[in-house]
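Scroll down for the structure; my scribbles are underneath it.
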Amino acid sequence: MATILQNLPAGQKVGIAFSGGLDTSAALRWMKNKGALPYAYTANLGQPDEPDYDAIPRKAMEYGAEKARLIDCRTQLAHEGIAALQAGAFHVRTAGATYFNTTPLGRAVTGTMLVAAMKEDDVHIWGDGSTFKGNDIERFYRYGLLTNPSLKIYKPWLDQLFIDELGGRAEMSAFMTKEGFGYKMSAEKAYSTDSNMLGATHEAKDLEFLNSGMRIVNPIMGVAFWKDDVVVKAEEVSVRFEEGQPVALNGVEFNDPVELFLEANRIGGRHGLGMCDQIENRIIEAKSRGIYEAPGLALLHIAYERLVSGIHNEDTIEQYRMNGLKLGRLLYQGRWFDPQAIMLRETAQRWVARAVTGTVTLELRRGNDYSILNTESPNLTYAPERLSMEKVEDAPFSPADRIGQLTMRNLDIVDTRDKLGVYAQAGLLSLGGNAALAQLGDDSSRK
C-alpha cells in the first residue's frame, strides 16, 4: 500500500486536521458522503484569532465526523518556542528584522501531537489542508511518519475527484448549503493568515506582489504602528531569565510558560514589536514572501541576546549564531526532531542557555523601536573597570603589557605583508610605490 493515497479510502477511518473553516468542513462532509469514516482532530495552539475552540469539535460532529477531539498543544508549543529561543534557531533575517519560525514550530507540535492522538483511536490515515506548493505538506509528512511509521497520507486537495467536484471556495460553500448547513462563506481578505500562540503569518493573494506591503495587513497580535492615528506610548519593561528560561515580566513571575507567552504577546503587541516583512526560500527552493508577527518572542529574544552578549565570549557567541542559522533551516524544513537538530539545540541549551541568568530592562516605543536601559546578571563577563578610560586600582594589565602584546603582533604582520607581495607578483594585487594599502589588480585576462 502506497504511503500517499490519491483516492479516498472508502470504508476506512480517515483522520483530518480540522480547523472548522470552510475547506476542512467541506472536506469532512464530502469524505463522509463518499463512504469514508472521518475522524476530526483540532489543535489548540492558542491562535489569537480563534474565539471558541470548544465549538470546533461540535461542528465536526454535526458535519458527520465519527469522533472529534480537541488536543491542547499550547504547553508543548511554549516549550518548543523556548527551545528555539535558547538556540537562536532563526535563519530568515532581513536588515536586522527576524522571522521567529513560528509556523514551523507550530507544525512540529501539531504534526506529532495530532498523529499521536489518531494512533490512540486506531486511525492510521491522515489528511490536512496543506497544498502541494507549500512547506507544510512536507513538514506534516515528516512529522506524521516519525510519530506513526504505519501512517498513510490522504489529502482531499490531491484527490482529482475532490478537486473536480469541490475545486474552489464558491463550490465548497454551495456544497455545504446544499447539504443543509447553510455555510456562509466569509468575506475574502487580501491575504491569508495562519497563526498560533507564538506568532502569525500573513501571505498569499495581494501579498504575493512586492508592491503590496505591511500597510494592507490588519495585525491580529498587535497594533498597526505605522498608522498615525494609532496611539503608542513608550513603556518600560523588564524581562528576567534563569538558566536560559524566561521566568518573569515586569517583576511578575510565571510558572506556566503559556501564560508567560500570552503576557509577553500583550506587552509587545501594544507596540507592534516583532512585525516584519521577509522574502524567504521555501523548502522547494522557490522564493515566497510573508508578513510576520511575533510580539512576545521578539521581546524575549531582545533580552536573551543581550544577556548572551554580556555573558559569553566571542567564540561561543559565534558558534551559537552559526549553529542557530543551521538549526533554523532544519526547523523550517520540518526536521526539528531529526538527530542533527537535536544535537544542535542540546548544545545551545546546555552550554549557552544554562549560563543565561539575569534581567534586562527596555523601553519599548513604536514598532521595532526600542532602547535597552539596563542589563543585570551575576554571570556577566562584561566588567567596566577592565577597559575604563579612567585610572583604576588593580588594573588587569599595564601599558607595558600592551607593548609586549603589540610586539608579538609583528610576527603575523610580517607574514601578511610577505603574502601580499606574493599576490602582487602574481598580478592579483598592486603594491605600487609606497602604497599603504594593497589594491586589487585586474586578473580578468589570467586563466
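Cβ atoms are placed via backbone N, Cα and C, with glycine included.
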Further L-citrulline ligand in Swiss-Prot, beside Asn135, Arg139, Ser192, Thr201, Glu203, Glu280, within candidate set Tyr99, Tyr304, Tyr320: Tyr99
From Asp121, Asp159, Asp164, Asp194, the one annotated by Swiss-Prot with Ala17, Phe18, Ser19, Gly20, Gly21, Leu22, Asp23, Thr24, Ser25, Ala43, Gly129, Thr131, Asp136 for ATP: Asp194
Neighbour count (Cβ, 10 Å) for Ser19 (ATP binding site): 19
Surrounding CB atoms that lie within 10 Å of the CB of Glu203 (L-citrulline binding site), all protein chains: 18
Where Glu203 (L-citrulline binding site) sits in the secondary structure, as DSSP reduces it to three classes: strand
Candidate nearest Glu280 (L-citrulline binding site) in space, where candidates are the binding-site residues Gly21, Thr131, Asp136 and distance is Cα-Cα: Asp136
